[in-house]
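Novice: Quick one: the structure is below, and I'll ask about it shortly.
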Amino acid sequence: MAALESFLYTSESVNEGHPDKICDQVSDAVLDACLEQDPDSKVACETCCKTGMVMVFGEITTKAKVDYEAIVRKVCKEIGFTSEDVGLDADKCKVLVHIEEQSPDIGQGVHGMGTKALEEIGAGDQGHMFGYATDETPELMPLTHVLATQLGYKLTEVRKNGVCPWLRPDGKTQVTVEYKREGGAMIPQRVHTILISTQHNPDVTNEKIREDLMEHVIKPVVPAKYLDDKTIFHLNPSGRFVIGGPHGDAGLTGRKIIIDTYGGWGAHGGGAFSGKDPTKVDRSGAYIARQAAKSVVASGLAKRCLVQVSYSIAVAEPLSVFVDTYGTGTMPDAEILKLIRKHFDFRPGLIGKNLDLKRGGNKRYQKTAAYGHFGRDDPDFTWETVKKLE
């Protein structure tokens, strides 16, 4: 047997205090508020932020009564932006709101201004979306992405619970894994490099930062079997990261789409998720594609699976559905595609119904806006439910 091919692959993540992620969370908190009161809300909510300012803008048609300013301040405060020193003061920052209603041209074509039956509702726009799954982790997600995401989550956890009180909200992680390729399957061998850059108080030493990150963030997250004496650690390599959040960088909704999905694995059609109601197939199409790909792998039909679906605006049926198992399938991809089409309805109205996507509130969508939309063990993430394909 030929030797297995070895290679390095890298995925990154950012935590909830990153400016772009602030914006994703605000946009999805607005979506939650609209859907909680009016499940038929049509929402396309964008957010941007910079020093001392958060702006919410877009197109929203809803019967809900929404206090946009209160949502902005609440989200920013929960993240930890409670003073200008840390990057933003949630109570004192300027909040700008510029919301218009959805274009009636779009509304009549997509949902007939509310008159179309569920199965007739068309896609809110054209586009192509992807779902991906791999058997290399219990979550059926890429290990590089899982570790980078969990490191970011742990950074926030030890900041909020006081274990590392010197931490501030902004931070980034990156993980490089050495893989071997067996056929089309990816087999993780070891963690090659871990990079963490985290915002911190000005009085903490770099030595203390390094010690705490190793002890309280890396060791609890990364399985010991993947670490060895050759693993490289870059922990706050720039030497100083005091200025962060919107004070350090401008933020915008929808700029972390690879972090939101598969860390560079699989493929991406380019459409962002946050702030969009289920008629926007950028979101709902990607969710159903993930459920389909995950179900293929969980059913033992392949070790890896990529599903693509594409749409036209105002047309209910997808233009195409594609599957690629990278040569790992137990049957031809054409047969797996038949099973996918048998078990999954890709029409936007039915995606919304079958995955219960019109239900907002309880931070249902806000939760998705930090630490990834996929591979999460949470009943609100209905698209992670596996269907047995047979």
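A Cβ is built for glycine as well, from the same backbone N, Cα and C atoms used for every other residue.
So Swiss-Prot has the following annotated:
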type: BINDING; residues: Glu12; note: Mg(2+) binding site
type: BINDING; residues: His18, Asp170, Gly171, Lys172, Ser238, Gly239, Arg240, Phe241, Asp249, Arg255, Lys256, Ala272, Lys276, Lys280; note: ATP binding site
type: BINDING; residues: Glu46; note: K(+) binding site
type: BINDING; residues: Glu59, Gln102, Asp249, Lys280; note: L-methionine binding site
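Burial and contacts for the listed features, if you can.
Specialist: The Cβ of Glu12 (Mg(2+) binding site) lies under 8 Å from the Cβ of Ala148, Lys172, Thr173, Gln174, Val175, Ile258, Ile259, Gly263, each of which sits 6+ residues away along the same chain. In the three-state DSSP assignment, the secondary structure recorded for Glu12 (Mg(2+) binding site) is strand.
Cβ neighbour count for Arg240 (ATP binding site) (all protein chains, 10 Å cutoff from its Cβ): 9.
If you take the C-beta of Glu46 (K(+) binding site) and look for same-chain residues 6 or more apart in sequence within under 8 angstroms, you find Cys23, Ser27, Val56, Phe57, Gly58, Leu252, Thr253, Gly254, Gly275.
A C-beta separation below 8 Å, combined with a sequence spacing of at least six in one chain, links Lys280 (L-methionine binding site) to Ala44, Gly124, Asp125, Gly271. Reduced to three states, the DSSP call for Lys280 (L-methionine binding site) is coil.
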Novice: Determine the minimum-neighbour residue: among Gln102, Ser238, listed as binding-site residues, which Cβ has the fewest other Cβ atoms within 10 angstroms?
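Specialist: Candidates: the binding-site residues Gln102, Ser238. Fewest Cβ atoms within 10 Å: Ser238.
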Novice: Using only C-alpha positions, which one of Ser238, Asp249, Lys256 is spatially nearest Glu59 (L-methionine binding site)? These are the binding-site residues in the record.
Specialist: Lys256
Novice: Roughly how many angstrom lie between the C-alpha atoms of Gln102 (L-methionine binding site) and Lys276 (ATP binding site)?
Specialist: 12
Novice: Inside 10 Å of the Cβ of Lys256 (ATP binding site), count up the other Cβ atoms and send me the figure.
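Specialist: So the Cβ neighbour count for Lys256 (ATP binding site) comes to 24.
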